[in-house]
Amino acid sequence: MGSVEQVCEDTNMTAEKIGHCKVSCSKEGKGKRLWKKVKYQLVEYHSLPGYLRDNEFIVGHYRSEWPMKQVLLSIFTIHNETLNVWTHLIGFFIFLSLTIYTAMKVPKVVDLHSLQHIPDVLRKADLHKLHSELMTCLPSLPNMPDLHKLRKELKTTLPSMDLLPSLSGWHVVELLYNCLPERFSIGNHTDVCVLQSVKEDVANIIAPLMVRPITRWPFFAFLGGAMFCLLASSTCHLLSCHSERISYIMLRLDYAGIAALISTSFYPPVYYSFMCDPFFSNLYMGFITVLGVATILFSLLPVFQNPEFRSIRASLFFGMGVSGIAPILHKLILFWHQPEALHTTGYEVLMGFLYGIGALVYATRIPERWMPGKFDIAGHSHQLFHILVVAGAYTHYRAGLVYLKWRDLNGC
Ligand SMILES: [Zn+2]
């Protein structure tokens with residue numbers, strides 16, 4: 001519409017002529033719009049240029065060599081990549097939220113607010129006795145009892161103590177209180193100095209647990225890898241149809257994202273499982289990092305994106321993932337008696353299952369191969385693969401939380 005005013009302004013005409021211009025220009029605008037509509041129509045597989053032909057079982061609804069503006073706007077229109085873009089864009093935002101949540105909430109072993117309640121509790125207690133009791137009960141801290149049992153116990157022993165709602169994180173303070181209440185006896189000591197000393201003791205005991213949590217970088221490396229993979233994939237699906245050059249760059253970015261996700265997925269389990277044995281920690285992490293970088297370099301070769309390389313691509317990424325079995329078995333051998341080792345392995349098996357099914361669906365192009373053209377918009381293999389990747393990565397996130405909690409509470 002802007003072009004109508006532009007033409008009319010440029011020609012400096014009389015009102016009559018301007019009226020005439022407006023009619024003809026609007027006709028021209030209509031024609032232009034119609035032409036644009038035809039030009040930016042979705043096309044079928046057989047009319048695609050060679051570099052955009054990837055899956056012949058998706059028959060129609062392709063965008064082909066649209067200008068960048070139309071390509072960007074097509075995120076809000078329906079075509080055969082719409083759900084591919086959105087599944088991973090939503091996945092990216094899920095992982096962005098998980099990263100923010102993890103950074104803000106998870107390391108918070110206990111907040112200082114809950115520590116402020118301690119003097120109120122202690123005021124009612126026999127402080128000298130409490131001090132010694134506290135010191136004797138502390139070595140039992142790592143033996144964390146069942147949380148529900150703990151809550152129940154606290155409710156019966158100290159019904160007036162409204163502390164639990166303000167506790168958070170790994171329940172370290174709950175552990176502390178679990179050994180405290182039974183030993184409380186009501187005394188008449190209200191000496192402020194003694195109170196202060198006990199408060200400091202308690203703070204000193206809890207502080208190392210709070211301020212020196214186990215390092216988080218392997219967990220955040222995984223979250224970063226997941227976000228990079230999901231955003232790269234989403235961008236690739238949106239922009240690749242623009243031109244051969246963009247498609248070439250985007251596909252490499254997509255493969256790099258997958259390799260980054262698989263590599264960084266190794267970091268939390270390997271780091272936290274073998275954090276007391278740096279040799280194996282470095283061995284496994286070095287191995288997967290080298291394999292990830294090698295995969296990215298290999299994917300830079302032009303031949304890598306040919307459709308006949310689909311199975312090789314799938315099996316390369318599949319192989320990277322499968323190599324994770326080695327550290328997991330190693331962890332089980334070392335820590336078979338630890339419930340956390342079994343718990344995390346459960347998540348890892350589920351993740352392997354989700355990724356495995358994803359790779360299988362990706363390579364076989366099920367279900368569209370059975371009914372070509374029926375799954376162009378929704379339900380084709382790549383969309384299923386995307387959803388399985390997000391689900392697998394989320395499972396891994398849950399496993400990562402178990403590792404963090406395990407090592408925060410038990411150390412090596
Ligand atoms: Zn994809």
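For all residues, glycine too, the Cβ spot is worked out from N, Cα and C.
What TrEMBL lists as transmembrane segment is 83-104, 219-241, 253-271, 283-304, 316-336, 342-363. Taken from TrEMBL, the feature Zn(2+) binding site covers HIS237, HIS382, HIS386.
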Around the Zn(2+) site recorded as HIS237, HIS382, HIS386, what other same-chain residues have a C-beta within 8 angstroms of the site's C-beta center?
GLU81, LEU83, ASN84, VAL85, THR87, HIS88, SER233, GLN383, PHE385
Measure the Cβ-based neighbour count of HIS386 (Zn(2+) binding site), defined as the other Cβ atoms within 10 Å of its Cβ.
24
Residues that sit under 8 angstroms from HIS382 (Zn(2+) binding site) by C-beta distance, when 6+ apart in the chain
ASN55, ASN84, TYR362
